[in-house]
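What TrEMBL lists as transmembrane segment is A:12-30, A:42-68, A:80-99, A:106-124, A:136-164, A:176-202, A:262-280, A:308-327, A:342-357, A:369-393. Look at TrEMBL and you will find A:75-200, A:270-394 tagged as domain 'Cytochrome c assembly protein'.
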Amino acid sequence: MQSLIQTSSTMLFTAFIIYLVATLFFGFTIKDKLTDKRNSKLAGKIAITLTIIGFIAHLIYFVTRWLASGHAPVSNMFEFVTFLGMCLVLAFIIIWFIYKFNLLGLFALPIAMLFIAYASMFPTEVAPLVPSLKSHWLYIHVTTVAVGSGILFISFVAGLIYLLRNVDQTERNKRSISLEVVMYLIFLLIGFIVASTAFGAMDYHASFEYTNNDKVQTTDYTLPPIAAPHNGTLLTEDVMKPWFESPSWMRGADAGRKFNSVIWSFIVGTILYGIVRLILRKRVAAAIQPLLQHVKPDLLDEINYRSVAIGFPVYTLGGLIFAAIWAQEAWGRFWGWDPKEVWALITWFFYAAYLHLRLSRGWHGERSAWLAVIGFGIILFNLIVVNLVLAGLHSYA
Amino acid sequence: MNSIKCECGHVNPEGTVLCEACGKPIEGNQHIDGNDKKKLLNMRYEGSARRSNTYNKTIIDKIWNFFSSVKIAVWLIVIALIASSIGTIFPLEQYIPADAVSRDPSVFYEATYGLAGKIFYQLGFHQLYSSWWYLLLIASIGVSLVICSIDRFVPLYRALKRQKAKRHESFLSRLRFYSETESVQEEEIKQVKEQLAKQRYNVKEEDGHIVAEKGRFSRWGPYVNHIGLIIILIAAMLRLSPIFFFEEYVWVREGELRVIPGTDNEYFIENKQFILDTYDADDERFKDALQKEGRVVPSNFQTNAIIYRAIESEVVGAEQELEKVDEFEIRMNEPAKFGGYTLYQQGYQLNEFSEMTFKLYEMNDPDTEPLGEFTVDLFDPDLEYELDNGFKVEIAEFYPDYTISEEGVRSKTNSSNNPAFVFKLYPPNSEDAEISFVGDVIGTAEQMGIDPEVVDLSPMGQVIGTFTPSIDPTGGENNYRILIDSIDFDRKSGLNVKRDYTLPIFIIGAIIFMAGVLQGMYWQHRRIWIHPKNNGILLAAHTNKNWFGLKKDIEKAIEGTSINIVNDQKED
């Protein structure tokens, strides 16, 4: 049993490394026009082959973990986010075979890797299923939602490339600044991963005792406490004293710890971003732009729309219909206005609006690209903020 | 109605932009679809006559035009989206946690979230999704769905049904895909026709004019999925009526037989046993996670129940007879279904206090024999208990569900979940009472590291009882003390009772919706026209989406002929 879990985590790590190498090969395809075309084609073939091998490793992770735990590994934040990364790669592979578009991989794979890395920041132990999750609908509902989201993510990737290519970087205006904010947000996520990994390697721990709903609880910080829990006392000795307390309106279990992680993400992410800006001496988006000049914007728009057209029905099926059927079986109410449900509905409303806007002239191209970026933001909001902050029936971690 | 006759002979209804039969732009109507300013024709609804673009005089026209606009529909969706997100800022009324400061919304929001919470409550956002304005918003989306669909479907259906293979040149040349070829052999056209048929195009010919069409049914996708959504909205409306939907909650103690509420005394439930299984902390697979969790994790909640049905007695006034319907093991995710009703395992309580026995001792001499004892029935406590040897105990305060917080001592609920008492003890022949506080067994158990949510306290009741506080809350010194001697616990199971006749309607609506979405999204309506002109042909094509796919189809069809591939005339 232990060896299965061991194999499983090795395979996940292998997948991560292969995706990294595949990204490099996708990078080699970028100079299509300048160097020999044949080399670029070869690099593309190697890259997609590696992606498929990486995906198989990822799949082995999934299967072995399933065998070890006895249930599909989609039951906590680590497992679900890892699976989302896997679905993103799957969706990319499918889209690649439709359009043979290499550049998409250069952006899609790093995002999938960010998902895996982000997932690893959550507890990775194999946890037992609580009674409410013990149902076949767990597999059906969660996997369909993840596949649907994975396909919708591709529309974000295509939209992002579109914006990086087309937004005028010579001017400082709403569009170029908004795009740079998107780039900065990606740096914050990287900042969170870097900080967690660094202090995780040092095995850093600091415990606090605090009162939540009249109960005394302890919380374990794995990052040095800048913000202590509201009314918390530090238990661990020989660690940094907190600089200030979280505000009182941040309630709920571990609110202080989560707030502290957010602060760390901002600090490390901003430093990383600052370093990159210093090296580049221009906006990050402006630095990327010249690499994308030979890409056809029409193709990006087509991929953007196509992924929504394919992803939307899958998401509806998994996130609303299967979800409702399961909720009916488990709680006797197929719809309960739980925050997670509401945000699934909001996501659905959003992509429905997107599809209707595509009917009118003027909403293709750049506007669609912005919409795809916002849609991605809404799905991530539902994944991260709703799970970790607006805890409801779905709170995993 | 002022109909318009086209030069091809077809009579079009008023407001038509492109002739239904031959596609020729109809003079004077080109501004409707914005064709006057562009080279390419707007093919969205085939240039058919939509009511909303034709009439704008009466109030009905105005309302119709308002709701038939896709722009308005998108705005309604966006407003619904923003409104829905507001309701998730703080928990809704029904999700106020059980251990909150207060379950009264007028207290809870302000006490927990301060000013923002107060505003949230005062604006009624704690029940946002059942507020009149939210329902109105959803209803407007429903109206918009119906009107948008009718406004477009009817003329579109007409136009597609009446279209002819022979199209006007001015129509073809203003399509996005278009090419002209000077001279084409008869043979080549035949070959293209065969190729198109092979690609599953439906090829129609009319004096040498050819139209090849496939996937027309995908044009109906949006209307089909809108029908599905309307059915879902109708089901949601029906659900508000108690005929179609009702919901009740019932607590049944182990061994108890109860009528199931909402069934008109027809069905009864007997709780044979309530089972709570937990994960073994030494389970090889889960031990790391369980250790980290630091508490017992349940693996199964289950009520073994027998359902009975009352039989109408033939003799008036005779006792009701019960007939067994079935036995069930009701678990989470495995509800019991019988006679149109469904029972869901919803809650449980392992340690409900039913009876407590107290013994009275002299304060400084705990080893001596008790001076007396009395038993309190927690479902029906007496005001006074006379003890054998002349002592008298009066219940001054009774907290069935004791808790202490910043605001002081109170009872969380009226159920005997954690009883505590303030007793007045009158020694024999004395008018002066001693005051003792006794109780809070659950608090004591928690302090001992026992989780009363998942652990049966019954075997340990007596032990915990001796550790439970028995003090004089006024701070005085008592001569006697009252200790808990034994506790009887009940285990009860909480079941949700539902009857919902709207479910099948929802399911039908969902299936139709999905079918419509798939039909509209995963298929495309492709048409290719061949128009003979002198020795050559005009080739034009149109699709509602996936132009790359259409181009590939054309390339394949004209392969090996001298026909020119279509140009993409897309503007902007």
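Including glycine, each Cβ sits where the backbone N, Cα and C put it.
Segment contact is absent for the transmembrane segment (A:136-164) and the transmembrane segment (A:42-68), given fewer than three CB pairs below 8 angstroms at sequence separation of 6 or more.
If you look at the transmembrane segment (A:12-30), the same-chain residues 6 or more away from its ends with a CB under 8 A from one of its CBs are 39-41, 43-44, 46-48, 50-51, 53-55, 57-58, 61, 82, 89, 102-103, 105-106, 109-110, 112-113, 116-117, 291. In the predicted model, the domain 'Cytochrome c assembly protein' (A:270-394) shows an average pLDDT of 89. Broken down by DSSP into helix, strand and coil, the domain 'Cytochrome c assembly protein' (A:270-394) contains 97 helix, 0 strand, 28 coil. Helix, strand and coil content of the domain 'Cytochrome c assembly protein' (A:75-200), in residues and according to DSSP, is 101 helix, 0 strand, 25 coil. Among A:80-99, A:176-202, A:342-357, A:369-393, A:80-99 has the largest number of CB pairs under 8 A with the transmembrane segment (A:106-124).
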